[in-house]
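Some notes on the structure that comes next.
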């Protein structure tokens, strides 16, 4: 997790540029570098580093002696960099995993280079020989990247939107790299004209060729015998967890006591022992008191897997105090993103201030991949459920992935989400639709069944019904969001709410809670970004 920032063709002062670049300093608290680019007038790039893989050679922008015309800014981890280095016989100049991007780009170009990477990444390659800038990110947007082009010919790109607001004069020019697989922009140095050159998967998920090979190996050579499929799921997910332990910093795990976080924490504890790590895995849960549903459930799982467990509690007042910071951090006014982000933000703050854990494992992504949300129980057909899974994965960068990235990044932590591993998701999503559909009124049925009998987590945890994070952290039979709504009834008057339709014509607030968040959002960002939010959280058949 790092912060990357680039600005091309802007004649603002260096002081202004530096102030803007520093707005994402929280993403990389270990070191910072800002550079003018040789031969590029009015252009500057900056990098905030969280030191996870590689030594001093991992500082960026990365320019290799072999390719002096290429500059790289990358936020991410490339899990297969050693495999690719060996396969193509590349001689590395640094010990950084991101170096592989420059070698692949030089040999194969940006499109194939992106396709060969197994990891989570958002990167910018500046190619002065081809006169272009390439922007690319992983399929699910686990590592964020945003860009904006203006009518005046300025290009800005950054890990977070807040840094680009000064360039946004018309919301039509705000584009999210998260909707693309990779993008190349021609850069003519005399007058800085920017042209969209290549756009991949604007509306569909792109399954890379070598992951499709896994599908054929497992599905067709080994067949669809149920026990074999379950073994494959366990194997692929175990590998997904294992590869995410890459790095030199301590690994911790979020633990709500639900299926997803419990499986991730259990496998993480297991793999750390296999790698000879002496320190026990530290797990973290949060609730409004020690009797919150999630706190009780997580406590049981922690005992089962032998983790060093931490329980953090927060009050309504502490939650309300954090709301403004959360909205600024998330860069959204979406209610379903903000509600669970408040306790997560407080939890990440505690981890950062009180422990030495930097790499944080999480169970996000399982509900989208394995049909875990309760509305999946209402699907008309398994094919409808499959389409909904794919739609949610397309948009996950706006919701759960946004939440986990921003809440951790705000406190100098790095998130690891094995359920969004490309090999695992490619295999799971290519299983027959009826195999992945809920059964007997149980969501995520087949994923649960795949781990049944393994004694990885307690059996009642394995089959624990899906419960929203906002509900699980509540107290005394009242969820966190119900506490919020009750409190906000006294803060927003009926007359104020009645005027909301006049003040906000786009995504008009439907509740006092929505109005409260929208008011904070506009105070932080103005009205330039009011169209970046969407409420397409549920399919039409579950409205």
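Note that Cβ sites are derived from N, Cα and C of the backbone, with glycine treated the same way.
For reference, TrEMBL has these:
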type     : residues : note
ACT_SITE : 2        : active site, for GATase activity
BINDING  : 97       : L-glutamine binding site
BINDING  : 254, 286 : ATP binding site
DOMAIN   : 2-188    : domain 'Glutamine amidotransferase type-2'
SITE     : 364      : site 'Important for beta-aspartyl-AMP intermediate formation'
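When pLDDT is averaged over the domain 'Glutamine amidotransferase type-2' (2-188), the result is 86. Of all the recorded positions in the record (2, 97, 364), the one with the smallest CA separation from residue 286 (ATP binding site) is 364. Considering only the recorded positions 97, 254, 364, residue 2 (active site, for GATase activity) has 97 as its nearest partner by CA-CA distance.
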